[in-house]
Amino acid sequence: MKKLPYIAIRNQLIAPYSTATVKIGRPNSLAAIQFAQTGFNGEIYIFYTKDNKMVDSIKKTSDLEEYGVKAKIKEIVEQGKLQNVVFEVEELVKVKEIYKELGKYSFTSDIFASVTEVEYSGNFDILSDYRSKAKMLIEKLSNLHDEIGSYIYGGRRGIKELEKAFSANTNISPLTHDSFNVDIWKIIDALTIEHSWKEYFAIINETNLEKNYELAINMLINAIKMGKLDEEVNSTMRGDLENQQRDFLLRERLRQIKKLLKDDEAGAKAIENMEDAEENARQYPDYVIEALKTEQNRLASMMPASPEANISKTYIDLITTLPWKKVSGELLDIDNVRKILDKHHYGLEKPKERILEFISVLTYTKKENEKNEYVPVKGEENRFIDKNLFVNKTGNFLKDRVNNIPILTLIGPPGTGKTTLAKSIAEALGRQFVKISLGGVKDESEIRGHRRTYVGALPGKIISGIKKAGVSNPVILLDEIDKMSSDFRGDPLSALLEVLDPEQNTNFQDHYLDLEYDLSKVLFIATANSFDSIPAPLYDRVEFLELSTYTLIEKTRIARTHLLSKILSLNALTEKQYQITDEVLAYIIKNYTRESGVRNLQRLLDSIARKIVVRILDKKVDKEFVIDKAIVREFLGPELYNEKGDETQPKAGVVNALAYTAYGGTSMTIEVTTFPTTAKGALNLTGQLKDVMRESATISLAYVRSNAEKFGIKDFDFENTSIHIHVPEGAIQKDGPSAGVTFTTAIISALSKKAVPNTIAMTGEITLRGKVLPIGGLKEKSLAASQIGIKTIFIPKDNEKNLIDVPEEVKKDIKFVPVEYYDEIFKYIFEAKNK
C-alpha cells in the first residue's frame, strides 16, 4: 500500500467503514492534515498511541498500536487554533514504518507512514450463517426500540441505519471477505458507546472473521438483554428478577454506574469491617457504628452527585479514619528519657527535672494499673486497641482511674527551646507528635469545629490533630496559648478549658463530629511567652514550667554542641573549614545578639557558613578556615552592641533600669530633665509609657517632693519648673511598676545635678512611703545587666531569696545590693559619693 501522512490519536475509538470527527490541535497533526490535502488527495492514516500515551511522546514505530485505519478528509471546520476534521474512514491497515520525509515533503517530526494490507480468513458458509443471525438480532433490537423507546448503545438512529445496511447488502460474493468485514465494523460502530478499548483492540488484532463475528453477535445479544432489563427497571421492577443472568447484568450495570460516579461504597465497607472485627478487639465504640449506619442510610437515599452526598461522604470518611480506641505503644524508660533530653537540650536543669518527674508518674501509674488490656492491631506495628477507652456505662464514660497528671505549660521567651522540648517528650515516650498553633485564633469553632450545616464545615483543630496522628494517645503541643483572643464568634479559650480538664475531656464533643471523643489518653503540652496574657481560668487547669533566658556560657555550649553541627551539615562544610573558638562564639553573642534564646545566634553562624562557601567556590579557601574576631567583623559588619556598656561620662538625670518582657530581660535608660514653666508642677512623660508605668513615675515624683529636704533639694522650685521624664526607644510600648526606684533616682539626680555612675542599675517598685516592693524576672534582668557591663544592681529585699536562680557566672561579676527602703539606695549613691 502507498505511503501517506498520518496522525496519532488517543482516547477516541474509530471504526473502519464509518464517519468520524477528530479535533486536531498539535503542530504535527496539523502539518499532516495540510500535507494530506495538498499532495495526497485528502488521504491519510489514523493510528492509536500505545498504552494511551501522549501524542507528543511518539518517537518510533513501536510507540504506536499495530493496527490503524486509512481515511479520507471529508470536511474541515476551523475552531480558533483547532480544526474539527471529519473523516470518511475506510479499511483497517497495519503500521509498517514512520518517516520525517516523503518525496518532496518533509517535517521536523515523523508525520509520514507506510502500511501493509490486512488479510482476513474465514469460512464463507459459517460467515453467511453468522450474518443471517446478526440480521435477525438487529431486527429484534430495532423492534425493541420501537416498543419501549429504550436508550440502547447507539440509539434509535444507529440501529435503524444498521438495519437498513444489512437489508440492502444481500448479494455477497464467496470470493471475498470484504462484505463480512464491513458488516462486522458497522455493528461495532453502532454499538460503540459502551464497549471498551479491550474489546475494540481484540477485534482489531483478530484477522479471523468468524471470531470477530462471534464478538459482534455477542454484543448484539447483550444489547438486547440490557434493553429488556432497562424496560423492567423503568417499570419499577414489576417482576422478580429470578433469572441468574438478569441478576448478574443488573449488578454489573449498577457497578458500572457507581464506577462512573466514583461512588466506592467506602462507608458500607467500613461498617462491614467494624462488625466483622472480634468483640474483644473492636476498634470502634458501639455508638459510633450506629451513627455510621444511620449516616450511610442517609447517603443511600441521596442523589450521588448532590452537595449533601459529598458532605455525607466526607463525614463518613472522618468517622472511619479517626483512631478511636487505637493507641501507640509507649517507651516508659526513665534512663532513655534522660538521655534524649540531654541529647537535644543543654542546661534547663529545672525543666528537665520536672519532666522526669512527670514521666516517672506516667511510668509508675502504668505499672500499677496493668488492668489496661492492649490488643495488637493486625498489620500495624506498635499499634494496639485500648479496651479501656470509650467505656460506656449508664451514659457516661467511666475509667478505673482518673488521669490526674497535670497538663504542662512551658513559659519562656522565644528561642529558649519550648517546642523542641515538647518534641523531645514525644520522642522519649515513643508517641506521635502533633503541633497545633493557637496564635491569633479568635473563633471558638477553630477548637470545637463547625456544625455540618455550614458550607465548608470542618472539624476543630483537636480532632483534626488526632486524625493526623492516627492514634488516640499522641503528644499534642498547643503552641502560643497566650496569643488567643475572643470576639463576637465566641471565646476559643473557653472551649479549650474543656480539653485541658482531665475531669471533662473524657467526653469531648466536636461540633462537626457530633460524637463524644475520649481525650484522656492525649498528653497535652502548652507553650506561652509570658504569664501576663494567660487568662485566669487557665491557671487552675495547668502547671507552669518556666524556661528562662540562657546565660553566656549556656549559649556558647549550645552553639558548640548543637548549632554548629547542624550548620555544617546544611552547608556541606567540614570542621576544619569552619574552625571557631569559644572565645569568638562569646564575642559574637555579646556584640551581635541581644536575645534570650539562640535563634539569632544560629542565623549569624549560618551567615558566616554561607560566606565561607562563597570563598571556597571562589578558590579563596582550601581545606582549612579559622574564624577570628576580625573575620567576624568582616562577615557580619561592625559590632551592633557594646559589651562594656555606656562608657561616656555619667550625666545627671540619666539612670539604668532593668525590665522583664515576654522576650526575656532587657536594659533601658531613664532620662529626666527640667525647665522653667508657667504651669505649676508640670510632669511630662514620653516614650510610649502605659498606665502602670505612668503611675509609677507620678508616685516617684510625689515621693521626691515630700522628702525634698532629706534629699538635699529643699530649695528646688517645683511650682515653676516642668519635669520631663523620657524612656528611649519611643516606638516600643512599656509598662510595669518595677522602674519606680529608677524614676526616683533619676529625678533626684536631675534636680540635684549629681550624676549616677553608668555601672549602676536598679529595679523595684516604690510606694509613697519609700518602701521598695518585690519584682519578677530577677534572673533575666541580671543577665541583661551583665551584657552591658553593669557592676552593681539594687534589688528589693524580698527578692534576695531569688538570687539562688541567678547563674554563678553573673553573680561573680555583679554586686547585688538588697534594699528594703529607698533611703538605702540614696545613701549608697549620693551621700557615699559626697563623702
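Here, residue 1 is simply the first one shown, and the rest follow in order.
Heads up, the Cβ atoms here are built off N, Cα and C, so glycines get one too.
Model, not experiment: these values are computed from the prediction.
Lifted from Swiss-Prot, the feature list:
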ACT_SITE  S738  active site
ACT_SITE  K781  active site
BINDING   G412, P413, P414, G415, T416, G417, K418, T419  ATP binding site
DOMAIN    4-224  domain 'Lon N-terminal'
DOMAIN    649-832  domain 'Lon proteolytic'
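Annotated features, which come from Swiss-Prot, shown on the structure.
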residue: G412; record: ATP binding site; DSSP class: coil
residue: G417; record: ATP binding site; DSSP class: coil
residue: S738; record: active site; DSSP class: coil
residue: K781; record: active site; DSSP class: helix
- Looking at the binding-site residues G412, P413, P414, G417, which sits with the largest number of other Cβ atoms within 10 Å of its Cβ? G412
- For the recorded positions K418, K781, work out the Cβ neighbour count at 10 Å and name the residue with the minimum. K418
- Query: Just going by other Cβ atoms within 10 Å, which of the recorded positions T416, T419, S738 has the emptiest spot?
  - Reply: T419
- Task: Taking the Cβ of G415 (ATP binding site) as the reference point, list residues of the same chain whose Cβ is under 8 angstroms away and which are at least six residues distant in sequence.
- Result: E595, S596, G597, V598, R599, N600
- Note on the structure: Rounding to whole Å, the Cα atoms of P414 (ATP binding site) and K781 (active site) are apart by 16
- the domain 'Lon proteolytic' (649-832) [mean pLDDT, rounded to integer]: 89
- Whole-Å Cα distance, K418 (ATP binding site) to K781 (active site), is 20
- Query: Neighbourhood of the ATP site (G412, P413, P414, G415, T416, G417, K418, T419): other residues with Cβ within 8 Å of the Cβ centroid, in order?
  - Reply: L410, T527, L547, S596, G597
- Message: Spatially, which candidate from the recorded positions G412, T416, K781 is nearest to S738 (active site), comparing Cα atoms?
- Response: K781
- Message: Just to verify a number: CA distance, T419 (ATP binding site) to K781 (active site), in angstrom, no decimals.
- Response: 24
- Item | Cα-to-Cα gap, P413 (ATP binding site) vs K781 (active site), nearest whole Å | 13
- Quick note, G412 (ATP binding site) and K781 (active site): C-alpha atoms separated, nearest Å, by 14
